[in-house]
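Annotated transmembrane segment per TrEMBL: 34-59, 71-90, 102-121, 127-148, 189-211, 223-248, 294-318, 330-350, 362-380, 386-411, 418-444, 502-519 (among others), in sequence order. TrEMBL lists 37-477 with the feature domain 'Major facilitator superfamily (MFS) profile'. Per TrEMBL, the feature region 'Disordered' maps to 534-559.
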Amino acid sequence: MADTDKKTTSEKPPTVVAGTTSAATIKGRKPARFWMVIVALSLLAFISSLDAMIMGTALPTITAEVGGSSVYVWIANCFVFAASAVQPLIGQLADLLGRKTPSVGCVVLFTVGSGIAGGASNPAMLIAGRTIQGVGAGGIYVLIDIIICDLVPLRDRGRWLGIINAWAGVAAALGPVLGGALGQHNWRWIFYLNIPICGVALLTIVLFMHVKSGDPASSIYSLDFVGNLIFIPSIISLLIGLVTGGVVHPWSSFRVILPIVLGAVGWISFHLHQHFLASNPGVPSRLFSNRTSAGAYLLAFLSSVLLQTAGFFLPVYFQAVLGTTVMDSGLFFLPFAIGTLFFAAVGGYAMSFFGVYRPIHVVSFSLSAVGFGLFTLLWSDTPKVAWAWYQLIMVMGLGPTISTVLPAILAGLPQSDVAAATAAFSFIKTFGFVWGVSIPSIIFNGVFDNNLSLVSAADLRAQLANGGAYAFASRAHDIGPTVDPTVWGEVIQVYVTSLKAVWWWGLALSILGTFSVAIEDHLDLSTELETEYGLQESGTGAKKGNDTPGPVEAGSTSV
């Protein structure tokens, strides 16, 4: 659909489906049920983000107790495999069954997976629990954004996405610290902690989220089974290659190349199927044929890569170059984590106030470029105030993209594509996080190995070679004082040089993002809510099936 066709979207008279909260109600005083649903979404954003971040510092302790050092990479990554693979499926289920049923199902899966992982006595049980958690979390990621789109008009979505993502940011900041603390005392509570929080969120959804729902018996025939059977194994295969390359096997190994090639071929086949063969595609090709939406999807990918690159390698700087403990590196990372959530909210409010997204995106990626450029100045004697401000400048840029890219995607698409477009957005973000580790890791390890001859101690070279530098960083605090200062200075020099290559990569990608904003067109952000999945009055009950009630005049509240 052409962008010019959508520029007049906000001029159309608002259509509010009977059984939903009217646009006037959305703009004015919001009902108590609205706030209760926001509370549930905030809890789910918090707990799903916490679970994704908390494992990093605790995983060595967990694998030491249950075993599984040989399958460490699977324990660490099965969560993201599952979360990525199911997102388009969840988006389609949200259209076919309504929002409530998939929400309840995903929260239940996440809770059950948490219980299994918390009670794990062997690696297989832990992997099973984490995989089930990942399926639930992948659905939660998608459904939070979809439900927000059903609750508020397009122009206000950035503000509310910023608020919800603020809770995810709090969890991201607490995750490494809490994971380290619980790992030292009782790691099982890393998983058991999810259960009561999910229970509260689940009860809130059941009691207060009254929305239209579909008929499972008839909806099942509309599900894109073939598409999902192609997509899920293809993405898992691709991710296996990306996360094991340079860690379990060399990038030149057929065990890395083969799954990447198979996954890429499968992914291409999936999109060909969606375009030419699928009668009800889960990821319709029209999502990417619109210039603004396609450009915003690219920005979503780039911002996710950049956020993950900085988040993954800043702790390496703190631990290896500054010599901090893992716990202290989590504290040093707080300007980035807290700044991200704060500026995500600021960006959302700015978009709601001014009704534009392109200027925000230009400023965002420009500041990201400045931040990565400043990171290239980091050294062992860089003052705390300097690296703290460098982090803040970085997230002044990247933070607003969290809350403003999805509304830009939806601005060029019809309301009927909200679930599919949002599921694609969630997948692209998750996929970007994987690339934000894989590509910079290749750069980091390659530069590190090329400069390893600068380290004069053979025993240290052996520990640092062939991808060992990242894991070594977490032990640098203990090893550094035992090494000759001159030799340790050589190690720090190699770390700084390797990290600088990563920061230059981030700078280049940020510049690409700045120029990519030109792909987006300026489209009006509607101030009217048009959805058939909005909140219903509690007395009406959820509508079933394919009900098509007539439009309700703006300014009224349906009952």
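Residue numbers in this text run from 1 along the chain shown.
Glycine is treated like the rest: Cβ placed from N, Cα and C.
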Two-stretch contact, the transmembrane segment (330-350) and the transmembrane segment (223-248), at least three Cβ pairs under 8 Å: no
Two-stretch contact, the transmembrane segment (502-519) and the transmembrane segment (71-90), at least three Cβ pairs under 8 Å: no
For the transmembrane segment (294-318): best-contacting stretch of 34-59, 189-211, 223-248, 362-380, 386-411, by Cβ pairs under 8 Å: 386-411
Beyond the flanks of the transmembrane segment (34-59) by 6 or more, those residues with Cβ under 8 Å of it: 21, 72, 75-76, 79-80, 107, 110, 114, 133, 136-137, 140-141, 144, 147-148, 151, 160, 163-165, 167-172, 174-180, 182-183, 187, 190-191, 194, 197-198, 200-201, 204-205, 207-209, 326-327, 330, 535
Maximum Cβ pairs under 8 Å to the transmembrane segment (71-90) - stretch from the list 102-121, 127-148, 223-248, 362-380, 418-444: 127-148
Of 189-211, 362-380, 418-444, whichever stretch has the most CB pairs under 8 A to the transmembrane segment (102-121): 189-211
Stretch of maximal Cβ-Cβ contact with the transmembrane segment (127-148) [cut-off: under 8 Å; candidates 189-211, 223-248, 418-444]: 418-444
Contact set, same chain, for the transmembrane segment (418-444): CB under 8 Å, 6 or more residues outside the stretch: 80, 83-84, 87-88, 90-92, 94-95, 138, 141-142, 145-146, 149-150, 235, 239, 242-243, 245-246, 251, 281-284, 287, 293, 297, 300-309, 311-313, 316, 405-406, 409-410, 467, 469-470, 498-499, 501-502, 505-506, 531
